[in-house]
Amino acid sequence: MSTIEDVKPVPVTLGGVRGGPERRTLRRDRWWASPAFTYAVLTLFVAYTAWAVFQNADYYVGVNMHRDLISPLYSPCIMGSCVPGAHGTFLVLHWWTITPAIFALSVPAAFRSTCYYYRKAYYRSFWQAPPACGVADGHARYTGETRFPLILQNLHRYAWGLALVWNVILTIDAVMAFRMPGDGGIGVSVGSLILTVNAIALWLYSLSCHACRHLCGGHVDQFSKAPIRHRLWKLVTPLNGRHMQFAWFSLFMVVLADVYVRIVAAGWIHDPKLF
Ligand code: FES
C-alpha cells in the first residue's frame, strides 16, 4: 500500500488556464467519476421525460376505471388537451391543444434547472466549468452568472414559490389516489403509496432548498429578536444538509410515479390493492 511519502511531487508550472498549472489537473484520483455519473443520469432523465411528455397518453387512470392515479409529469392537468376527468379539468384552458405535460412541467423545470445543487451538477458534468475541484475549466473565459442567460438563475427563489403551489397540487393527487372506485371506496394500493412518497419527496426537496433556508433565517442579525424565524430556520437547516439526496430521490420518484401510472393506465397491470 502506498503512503503519502511514496507520492512523488509533480513539477508544476503556473500560467495555464486562468493562472493554474500548465496541466489540466494534478489530481490522481477518479475525479471524473462523479461528473460522468451525473452526466449519464441527467441525460437519461431528460431523454425519458422528453419521450413521456410527447406521448400525451396513458398518464391518467380515470375514476371510471378502478383507480384515480395521475402522473406527476401531467399534473396539474388543466388544459383543453387533458383526458376527461383528469384532476383539474374543471379549470380547462380550451385553447391549449398540445400535450398538457408542457404546462405541467414548466414550473418544476424552472425550479430544478435553477436549483443551486443541480447547477453545480450540470455545470460540472455538462459544461465542465469546472468538472471538479482542482481541475481546470473546460473554457478559457469565465463570466459566472453575471450575464444572460445564466443571470436568470437568480429567479430561483420565485420558482421555489411556484413549486410550492405544484407541491400542494401533487399532494392532492396523492390523497385522491386513495380513492378506489373499482374496489369499493377507499384503500391503499401500490399506486397510492408511490404517489404519496413522491409528494413527500417533493416537499423534502423544496423545504431543504437554500432559498427556503435563507427565507427563514436570512437577514436576521439576532435570532433572539425573531423567534419564529429562528424556529423555522432550525427546522429547515437539517433538511438543507441533505438537499442533494432529496434532489436525486425526488427526481427518481417522479420518474417511478410516471412509469407506474403509465403501465397501469395502459392496462399492463391492475395496481394491486394492499389493504
Ligand atoms: Fe435546490 Fe433551491 S437550492 S431547490
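Glycine too: its Cβ is placed from the backbone N, Cα and C atoms.
Note that TrEMBL annotation is computational and uncurated.
According to TrEMBL, the protein has these features:
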TRANSMEM  31-54  transmembrane segment
TRANSMEM  93-111  transmembrane segment
TRANSMEM  158-178  transmembrane segment
TRANSMEM  184-205  transmembrane segment
TRANSMEM  246-269  transmembrane segment
For the transmembrane segment (31-54), distant same-chain residues with Cβ under 8 A (at least six beyond the ends):
25, 71, 73, 99, 101-102, 105, 121-122, 124-126, 128, 131-135, 251, 255, 258, 262
Under an 8 Å Cβ to Cβ limit, what residues of the same chain, 6 or more beyond the ends of the transmembrane segment (246-269), are close to it?
45, 48-49, 52, 55, 57-61, 67, 69-73, 108, 112, 115, 117-118, 190-191, 194-195, 197-198, 201-202, 204-205, 208, 239
